[in-house]
Amino acid sequence: MRLGCGVFAASCVAIEVLGVAIFLRGFFPASVRSSSPTGHQAEPPAPEPLAGASSNWTKLPLPLFSKAVIVLIDALRDDFVFGSKGARYMPFTTYLMGKGPSHSFVAEAKPPTVTMPRIKALMTGSLPGFVDIIRNLNSPALQEDNVIRQAKAAGKRMIFYGDETWVKLFPKHFVEYDGTTSFFVSDYTEVDSNVTRHLEKVLKRGDWDMLILHYLGLDHIGHVSGPDSPLIGYKLREMDGILMKIYTALLTKEKETLSPSLLVLCGDHGMSETGSHGAASAEEVRTPLVLVSSAFERKPGDIRHPTQVQQTDLAATLAIGLGLPIPKDSIGSLLFPVVERRPMREQLRFLHLNGVQLSRLLQENVPAYEKDPGFEQFVMAERLHGNWVKLHLEEDHSGALLNLGTKVARQYLSALKTLSLALSMHVAQYDIYSMAVGTIIVLEALTLLLLSTPQVLHRRAELEVPLSPPMFSLLFYLMFLVLSAIHVVVCTSAESSCYFCSLPWLAAGGVMVLVSALLCVIASALARMVMDSTLLQKSTTHPCSGWSEVGLLLLLGTVGHVLSLGASSFVEEEHQTWYFLVNTLCLALSQETCRSYFLGDNKELPHCFHTEPASVGAICMQQDHIACEAPKGGQADKGPCPSGARRGHVRWAVLAGPWLVLACCRLLRSLNHTGVQGAHRPDLGHWLTSASHKMELSCLAALSLLVIFMLAQRGCSLVSKVALALGLVGVFCYRVAIGNLLFPWQLTNRGISKGILEARFVYVFVLGILFTGTKDLLKSQVIVADFKVKTVALWELYSGLVLLAALLLRPHNLPVLAFSLLIQTIMTKFIWKPLRHDVAEITVMHYWFGQAFFYFQGNSNNIATIDISAGFVGLDTYMEIPATFLTVFGTYVGPVLWAGHLAHFLSAEASSYSDSAMSRACFCYALICSVPVATYIVLVTSLRYHLFIWSVFSPKLLYEGMHLLITAALCVLFTATSQTGHTRAWVKTGARNQ
Amino acid sequence: MKETDIKTLLYAHFLCIFSVILSVLLPSFFLENFSILDTHLTWLCICSLFVISINLVLYLVPKPNTSSKRSSLSHKVTRFLKCCIYFLVSCFSLHVVFVLYGAPLVELVLETFLFAVILSTFTTVPCLCLLGPNLKAWLRVFSKNGVTSIWENSLQITTISSFVGAWLGAFPIPLDWERPWQVWPISCTLGATFGYVAGLVISPLWIYWNRKQLTYKNN
């Protein structure tokens, strides 16, 4: 079967996407889970141990607190409460912590530090898996056992106000609720007043047992203006007032009922120095946890160093405090200070309950649980406890007994700590089988691509894909049988859950067929290659005289980058790799321009980029290395060597071109410092976004928009030019409306709106330009056989994307877009056109620049740097599909725009490249993108027990998967644009034949 | 003829390597607390001085290039001045390149500049000694098939290997090993030095190995 290489590449990448999806499903494991189903009524609580007899205290102990209020402030970092900011802005809370009846802790959140997994951790006490990040935007109901469910089962009445995520996680659990949506990052007053407005009424009423408040404003302020913004102070003061209100209300209620109540102040995650969250830095992980209750002891001493605990400990503590069973999957241990003032017997009973729950969880998840030190300690503590109870029941309460009790409690506490640590360390096993299947698919597709590379590099437009013979070969059926047998064996014997086994048989069978078919295709392709090479070796050596320096650099750079992915620091600092490579590329290009313009005006135009490969190849075949220069010399006359005065001008421009690009790159590099080591250093972006430099930012944004217009309008039709201009004006208006920029005639701050109208105004133009472009493209492919129409159409599509990017990028990133266009222009005019690089080289250069611009924009391999605000531009409410699309586009602006430019460039230069240039470029693009993904999958599999697997390698894996998906989409589009050209040529030849 | 040439080349290169080693060992007898890492800038200055002086000595003694023998004093002086200017220009332009590569613009200026100095010592100074201030000749030597003697061939190899060494030296900087030699520009200067020494060692061997294939056009 013959396939165009574009189609071939696109299908290979599509197969790879499937493989990566299966791999990802297997890689992100489920968390530690209790195997008993959570649905039906739990078994009775463990009775109190008693040596030699059974205790009659089998019921759960009574609740310690009659009411509980949980105030969860999103992104509350520990120093906002315990640090200098806390002392300044939260005087009441500071007073409570210092002199009031309270216990304060620093609760450590585990990454991913994103709201939904943190809520789950707080309420279930378990550690949600990393993949919860992806589900963060549409959270389904929580299935696992949790405090809220237990409270509902116990008949408690709960009220919730705040982040809507809770309502989705716990549907029908609250008797009263009001969810606020968390997706308007620029709104930080209304979200919170929507919560607070209910407070007065509810506190007065008192017909509830548990009140949960989730305040989002602080997080929004952090996202918009960072942790040092003056707004933070106002917000903290507001929160302090709310806490005071709740506390006084609780106190007055307590006077009536005489039973103590509990006030919990906590944060779900912290806030990094840039104001976002998601990763594992100390600022993001450390959150305050303050428990206030009149049941606690008043400590006169000022506590400056709260003890460090785990966030998961809250679930167990809450359950104990409210007299509920501890959630089954909880890996937290009881916060002992909370029960410190209870009688010794009760204290021990609480600890015992917690220990029984943890050891049961350990038994269900670890086969060799008996050897676990925590379990051993627990068994010992239980025995001591039994003895203690026996003594306690026999004799009166003496000091010795109290001492013994304290000793037992200490033993329990250390057992709990060890158990909890062991459980949190025990990450559920990876689903190796699914991972292996995914890896095999990806590697097979990559091998196919690699095997056909030589053909494509020899400028063959169509590839011979031996598809039909292997389908009927014995090998195929054998492979299929073997794979099915393996599947059955693995799935029947596996103890842990396996995603691939849980698929329906038909789907699994389809994947088997795919795997074995790919294997057969590879085998036959290999066999044919061996035969071809023996044939070729007789007739010829290499047709082209080796690699050029730039080609060699491109190859080595790509290989080096791929290898660097194995080191965590290089993954964290990947932007450095790309900047380094792009700089080196520019220097190599500058060397090439120097050589071609100083040395070889008529002697040697660089390298063998011929339009008639066959003839030159034939000459090269016969002659040796040096003689191969001759045809190149001949080519120089044909090449664009402008004469006279213009020639000198162009010459200097060509010489200066790479240096200009280098200078642009250096400027962009200091715009956004990204990565781990450089992120905290001051950069231009921070300087521009600070509130006092709004004027400068406005000027810069206006200038960039102007440059964008100048550069993007060149290739457009008149209508699109006008649309583009209006659209760019609309972008500026949008940014003014949401308060990022200023009009020169309105220097005072106006009211801030969501800018929906302005954004939609821009969307209209984006869609208009894209529509015209698509229409022209279709016309050029179906009716007119004209490359000019197609070029204009492609440029219009490209400029539509540029306009969309200008809308989505933050204003301080608009220069990135402007420089991207500028560099593209410089490279096209002064480097690619005069030096006439090969299609493959041009594709790889576009890919490199696309990657570099991904990081120039401020992205990194860290989830926290994704700018989710791009997903809410011009949307009234949160809509999942457009928001996802916009966020993805906003993140991958660099690679997408450079790929778009590649398509336009090849179409514009169609005269100097062969007809198949586009599909060959598509092939090269697919190859260059899938090599890192495939290698990274293998690397991650071998590094899966690395210390940084969750904080460094997993986010990168998600980024790579997303990048591959985008590549697949781009390849499909590439193929679509080049495809009809083929059919037309084909039709033409068909007509000629007739 | 060729064998003796290669031998001279080998000795000359040994002298250069010796000067680099000397620059590491000798100062510790005169200066207290001298070590490559702690007093890196001092070492850079000393090393570049040593290498320059050895190169000058080599230039004055064996005279590999016989063309510019007979010339007047004024011509020699202008030539010398021109060489100095070229050297300075190469230092500054390398500095610019480093900044473009991401070296900090304001902080660590001295460090960056001394790195530029040592790299031009390893690359520009031998070029100046061998080819003189003649840009055309430089371009010829550093293009394909432009070499006309084993001296130029070895020059090509050492220069390229110094650059590659400096380039590779930047790789460890982002790693989180927290070693003292990872600080900018120490790893790069060390890389350049290693590259230079490696080039000095490799080039005679490579020329000796390929002496049959190497044919030089004498133009």
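Glycine is treated like the rest: Cβ placed from N, Cα and C.
Taken straight from TrEMBL:
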TRANSMEM  A:6-28  transmembrane segment
TRANSMEM  A:432-451  transmembrane segment
TRANSMEM  A:471-491  transmembrane segment
TRANSMEM  A:503-530  transmembrane segment
DOMAIN    A:655-970  domain 'GPI ethanolamine phosphate transferase 2 C-terminal'
TRANSMEM  A:691-712  transmembrane segment
TRANSMEM  A:724-745  transmembrane segment
TRANSMEM  A:751-771  transmembrane segment
TRANSMEM  A:922-945  transmembrane segment
TRANSMEM  A:957-976  transmembrane segment
Problem - Contact check, the transmembrane segment (A:503-530) vs the transmembrane segment (A:471-491), 3+ Cβ pairs under 8 Å, seq sep 6+ - result: yes
Practice task
State, in range form, which of A:432-451, A:471-491, A:724-745 has the highest count of Cβ pairs under 8 Å to the transmembrane segment (A:691-712).
Solution key: A:724-745
Practice task
Can you tell me which of A:6-28, A:432-451, A:922-945 gets the most C-beta pairs within less than 8 Å of the transmembrane segment (A:957-976)?
Solution key: A:6-28
Exercise for the section: With Cβ distances under 8 Å as the criterion, find the stretch in A:432-451, A:471-491, A:724-745, A:922-945 that has the most pairs with the transmembrane segment (A:6-28). Expected result: A:432-451
Problem - Cβ-Cβ under 8 Å with the transmembrane segment (A:432-451): same-chain residues at least 6 beyond its ends - result: 9, 12-13, 15-16, 18-27, 490, 494, 498-501, 511, 514-515, 518-519, 521-522, 525-526, 529, 923, 926-927, 930-931, 933-934, 937-938, 941
